[in-house]
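As annotated by TrEMBL, transmembrane segment applies to 6-28, 40-58, 70-88, 100-119, 131-151, 326-344, 356-379, 385-405, 417-436.
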Amino acid sequence: MINFDDLYSVLTAVVPLYVTMFLAYASVKWNIFSPQQCGGINRFVAIFAVPLLSFEFISRINPYKMNLKFIAADGVSKVLTLIVLFLWTNLSKNGSLDWAITMFSLSTLPNTLVMGIPLLKSMYGDDKESIMVQAVVLQCIIWYTLLLFLFEYREAKNLILTSGGGNNISNNNSSSISNSNSQRNDESFWEVQERVERTTRNEDDIVNVIQSLNRVAPAIATAVDDDKRELHLFIWRCRCCSSPGVCEQSVEVCNRENEKAESVEEPNIIESQGSPSMLKKLLKMVCFKLVKNPNSYASILGLSWALASCRWGIKKPQILENSVTILSDAGLGMAMFSLGLFMASQPKLIACGNRLAAYGMVARFVAGPAVMAVASIGVGLRGTILQVSIVQASLPQGIVPFVFAREYNLHPDVLSTAVIFGMIISLPITMLYYILLGL
């Protein structure tokens with residue numbers, strides 16, 4: 001049973017994260033950071049701190065001494081969840097790729113590194129710490145990489161669909177835009193500009209993105225006007241102009257030319273949406289973006305180093321070790337700092353609303369452990385390891401999925417609420433699972 005010393009060790013790991021989060025929250029309320037600076041901080045966390053943290057953590061493990069049954073149970077539980085969400089997305093009229101990605105994060109990616117290791121070590125002994133380390137490694141290598149793939153796939157799909165004309169946007173994309181506007185009072189101009197800069201690297205891509213935003217320009221302009229911000233000039237090329245730059249014709253002429261071209265091109269685009277060529281284009285865009293994302297290969301490099309070091313006794317040079325740890329040590333703290341910045345920018349504490357917050361808690365603390373229990377029993381886990389696998393699945397929401405959700409602007413309000421309130425209520429819930437499984 002957990003004693004006071006064990007409880008104190010858990011609080012020692014968790015309380016500093018809340019201190020960091022509240023400092024970030026206060027810095028926004030005191031106008032220390034602007035919205036653009038907050039976005040830059042989250043981008044730093046997603047591109048530098050998290051990949052280096054993953055590399056540093058994974059490179060220290062011994063891949064040759066892992067519990068294969070636990071690994072199988074963890075993999076089966078997540079695959080089962082993906083299958084259910086995939087069927088719901090494609091067979092249900094209410095299915096949504098956006099919510100499938102979010103529900104996968106909520107139900108299968110717990111905060112094992114910060115809370116899982118000290119908490120389950122206190123519950124089940126020091127020898128079970130290695131199980132939690134293995135769970136973290138699997139998350140970094142496989143499931144965070146898959147999560148990034150889903151984010152990039154969604155972004156590439158939306159970019160392809162919207163670049164062909166506003167009338168052929170799918171219902172799911174339209175509903176997601178509507179939900180985003182209602183929840184966040186329209187996407188700000190600065191966030192649109194940041195997304196354009198992130199997803200475009202050449203002139204043709206810039207043209208496609210700008211044309212896709214033409215139909216939502218009034219909403220953006222309204223949001224910018226409301227915020228008393230100055231519009232920045234996008235570089236674009238209209239169909240009635242010969243070169244990039246400001247439109248050479250009047251706004252009315254430009255709009256007529258664009259509408260004529262869209263009316264001609266739209267049938268071909270609609271016809272090709274389900275074609276193999278479009279799927280090939282989607283995958284090509286996604287694999288290209290993943291190659292450029294440090295999170296994609298940080299885990300692979302870490303695992304490769306771990307395999308080599310355990311096999312041949314190779315150690316990292318001290319200069320490399322220090323170069324990595326100087327930023328990786330700040331990974332979790334900066335992730336919580338980004339969470340506090342986002343929380344302060346929302347109009348209310350429960351950013352996503354009470355109903356979505358309740359759904360998130362059910363997915364995190366009920367659905368996740370239930371699927372993990374079925375998978376664990378199915379692969380033959382018994383005894384203490386079975387209990388560890390279920391309790392591990394009942395931990396609060398992981399912080400890294402929120403960083404990715406904020407970076408890709410997909411329900412960060414839901415993920416932030418799950419992290420904040422999940423860490424508050426997780427200890428009594430985890431204790432309840434621990435007591436019930438021990439009966």
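Here the Cβ of each residue, glycine as well, is placed from N, Cα and C on the backbone.
Here the listed stretches are 6-28, 40-58, 326-344, 356-379, and the one with the most C-beta pairs under 8 angstroms to the transmembrane segment (70-88) is 356-379. The stretch in closest packing with the transmembrane segment (131-151), judged by the count of Cβ pairs under 8 Å and taken from 6-28, 40-58, 326-344, 356-379, 417-436, is 40-58. Below 8 angstroms of C-beta separation, residues 69-70, 72-74, 76-77, 80-81, 103, 106-108, 110, 350, 386, 389-394, 396-397, 413-414, 417-418, 421-422, 425-426, 429, 433 of the same chain, each at least six residues beyond the ends of the transmembrane segment (356-379), sit close to that stretch.
For the transmembrane segment (40-58), the partner stretch with the most Cβ pairs below 8 Å, chosen from 6-28, 385-405, 417-436, is 385-405. Long-range contacts of the transmembrane segment (385-405) within the same chain, counting only residues at least 6 positions beyond its ends with a Cβ under 8 Å from a Cβ of the stretch, are 42, 45-46, 50, 67, 69-70, 73-74, 77, 102, 105-106, 109-116, 119-120, 123-124, 128, 131-132, 135, 139, 144, 147-148, 151, 332, 335-336, 338-339, 360, 364-365, 368-369, 371-373, 376-377, 411-412, 414-416, 418-419, 422-423, 425-426, 429-430, 433-434, 437-438.
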